[in-house]
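Heads up: the structure comes next, in structure tokens.
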Amino acid sequence: MEDLELEGSLKELFETPSLRWIFVGGKGGVGKTTTSCAVAAQLAKTRESVLIISTDPAHNISDAFTQKFSNTPTLVNGFDNLYAMEIDSRYQETFDFKMSNLPSAEAASFSLTSLLPEMLQAVPGIDEALSFAELMQNVQSMKYSVIVFDTAPTGHTLRLLAFPDLLERGLKKLSTFKDKIQSALQMLNAVSGQQIQEQDFAAKIENLKAVTTSVREAFQDPAHTTFVCVCIPEFLSVYETERLVQELAKQKIDCSNIVVNQVLFPVGGVQDEGCRPPASLLASADAETPAPLEELLAPPAARGEKETAQEENARLRQLIRRMQIRLLALEKSYHSRRAMQSRYLQQIQDLYSFDFHVVPIPQQPEEVRGIERLLRFGDLLSSCRPLPILPPAPSSP
């Protein structure tokens, strides 16, 4: 049976009611936040309650919705079922592994990583993994129909998704610190005036293991969790997308959708090969320097001077020529960028079109901010259009 390309839209994602967690990520500057906000707004049309969480320190969802958000869910203006929150720059303090179930306020101010600094050296990144664990434990307790994660650029996102494995290694490493744990608890007891037993500490560790296991299971359940990659048709973005796709496969996290943003489509439906200006005409346009546009637009009569019919005709010819040169320069830039994008669109099609929903989004004429524009962007995500790949150049005879 012949393989068929998957439909180029997010329609299937929007129509999957079992999805609870949708991560949106990619290289910085490709439109992750616009896409995640548009996805959340689109889901709000059919889901009972939707939450979008920004884990990106840049926190652009406030800019996208033109509304300030904090680290608690806030209703988005214009909706009755869409909420947003931004994990602030202190989230490692906010969500650090506090020993909050221990008996005193002084004890609660201690964290696992402050008690065992050696663990930070033995397992690099364990402090961030502990923060992610606490964050995801909070997320698991939230009663929203679906949660959309606007993630940080690729490297940070990969660390977040890999935290269950890292944390599991860290917890195994704890067994080698038994004597140090006992000493740390003695110090904590001396400071707090309480008697914290080793089994209290062990209970916290077991709870953390349970969180790690449940989050891993949720991450690896394609009916529960999926990842939407966002890229643009340029080298670095396509490279990072492939890196992200490979890592998601390694982590057994579903990824079935790739949004290709900022794509130039043929202008007015005209085929590219039929509207390319001749190279000789472009070269002559580059060489010409007509009179300044201001002079050509202002007739001498406006300055109290006389102009003969011959002078007027010459001025108008120069004005038309000046406009031609400007249009040719724009067209030259357009075709150059179309050709560059087409090469990477071809790569994207070859790599992903049979296993992923590849969704090309046209370059927008204005910044996508505010509910109305985000909803229009969401409609683009829901509709299908082919990748605008240029036909191969005719071979020379």
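All positions are counted from 1 along the displayed chain.
Placed from the backbone N, Cα and C atoms, the Cβ positions cover glycine too.
Around Asp56 (active site), a 10 Å sphere centred on its CB holds 22 further CB atoms from the protein chains shown. Feature annotation from Swiss-Prot assigns active site to Asp56; the stated evidence is sequence analysis.
Taken from Swiss-Prot, the feature ATP binding site covers Lys27, Gly28, Gly29, Val30, Gly31, Lys32, Thr33, Thr34, Glu234, Asn261, and the record attributes it to sequence analysis. Of all Cβ atoms in the protein chains displayed, 12 besides its own lie within 10 Å of the Cβ of Gly29 (ATP binding site).
The two recorded residues, Glu234 (ATP binding site) and Asp56 (active site), have Cα atoms 22 Å apart. Counting every protein chain shown, 22 other Cβ atoms lie within 10 Å of the Cβ of Lys27 (ATP binding site).
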